[in-house]
Amino acid sequence: MRILVSNDDGIYSPGLWALVKRLKEVGEVIVVAPDREQSATGTQVTLRQPLRVQKTHPLIPGIEAYAVEGSPCDCVILGLAKLITEPVDLVVSGINHGLNLGDDVLISGTVGAALQGYLRNIPSIAVSIPVTMEEPENLDSAACITAEVSRRIQNGDITKNSFLNINIPDLPLSQIEELRVTPLAHKTHIETVEEGHDGRKRYFWLRRRQLSSADNKKTDIWAIENGYITISALHERLFQQPVFTLKDAETAGILAAARSCQDKI
């Protein structure tokens, strides 16, 4: 099994190398990751400037590793298209230092990187662990869970067209009671804008704040808050597509009314 590993915290992030350490027990690992922090870049792709790549010294011997001056999505696209010459069987993004729950997935560079594998028909995993003021203490817990999920994809126990978002409490696995398959919670954060002045110009900070704790016991946020590991199956739209229908008469009426409006100009 050949595994491309990327992230959005940068190529020297401890979470990435904790993941590599366990995934190398599953298959051949190639790292293609940003050369610097790229959090909250979502699905950003670089189109108006060249991408520069440096083969770099790995923190674990025997691993082929590339640092890219680009986004997490750039890394996976470039890795699959040019840097890795043999077919890739799995894309894994993480371990992100910070959970990716609910609508976080819409702006997550970690999830965005995994999405690029899934869009190319490669099973893909995004994995995250909470972080506060300190570095996570149990990165190996997240790495072991991800390695086991990877084995089950390899063996066919988990469908090979999977796009999975895994979040793991910062605890030893012996203290985690259960792993749950959960849907994403909706409307989990609110953005606010703070204004300041540096003596010359105004500036603004965007702040993202979590809303009150989830009370729906089926969602990923509730499960994590109660000490469970969560696995959420995603697809290219990230959230389930809402049901939206219009009768033929309604669609015709909209078009007719719009034409009438345009005729008045």
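These residue numbers are counts, starting from 1, taken along the chain as shown.
Each residue, glycine too, has its Cβ placed from N, Cα and C.
For Asp8, Asp9, Ser39, Asn96, the entry in Swiss-Prot reads divalent metal cation binding site. The Cβ neighbour count for Asn96 (divalent metal cation binding site), using a 10 Å radius and every protein chain shown, is 31.
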Neighbours of Asp8, Asp9, Ser39, Asn96 excl. site residues, C-beta within 8 Å of centre, divalent metal cation: Asn7, Gly10, Ser13, Glu37, Gln38, Pro72, His97, Gly98, Ser108, Gly109, Thr110
C-beta crowding around Ser39 (divalent metal cation binding site), within 10 angstroms: 18
Binding-site residues listed as Asp8, Asp9, least Cβ neighbours within 10 Å: Asp9
